[in-house]
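So that you can see what the record holds, here are the features copied from TrEMBL:
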BINDING   Cys39, His43  heme c binding site
DOMAIN    25-112  domain 'Cytochrome c'
SIGNAL    1-23  signal peptide
Amino acid sequence: MKKALALAGILLLGMAAYGPARAEADAEAARALAKRNDCFKCHAIDKTKKGPAYSRIATRLKTRPDGVETIIEHITTGPMIQLADGSDEKHRIIDTKDPAELKNLAQWILSF
């Protein structure tokens with residue numbers, strides 16, 4: 001019985017680790033959150049502005065198992081970033097603490 005429970009737990013953890021990055025995002029809600037936080041001032045979906053295009057970010061991170069978490073950490077901690085022109089700037093911190101909204105935005109970015 002213990003072996004069966006342990007196996008079930010391992011399978012659930014494995015599915016949880018794989019599932020979030022592959023789940024579909026609510027594009028309308030993610031786009032609204034990005035717009036509300038002026039993300040499109042520096043990012044576009046398929047072209048570099050002050051910051052990299054979302055499609056470029058997705059290409060770099062979507063195959064990583066921690067892609068969603070990496071984006072969430074980036075948009076919630078405000079790290080120093082290098083802009084396309086070579087200058088440095090502190091990344092803006094997103095205005096929500098809701099884990100579901102953050103995850104949805106990250107999944108949406110990875111969908112490109």
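Using the three backbone atoms N, Cα and C, a Cβ is placed for every residue, glycine included.
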Same-chain residues at least 6 positions away from His43 (heme c binding site) with a Cβ under 8 Å from its Cβ, in sequence order, are Ala34, Lys49, Lys50, Gly51, Pro52, Ala53, Tyr54
Counts of helix, strand and coil residues, the domain 'Cytochrome c' (25-112), according to DSSP:
44 helix, 8 strand, 36 coil
Including all protein chains displayed, how many Cβ atoms other than that of Cys39 (heme c binding site) lie within 10 Å of its Cβ?
20
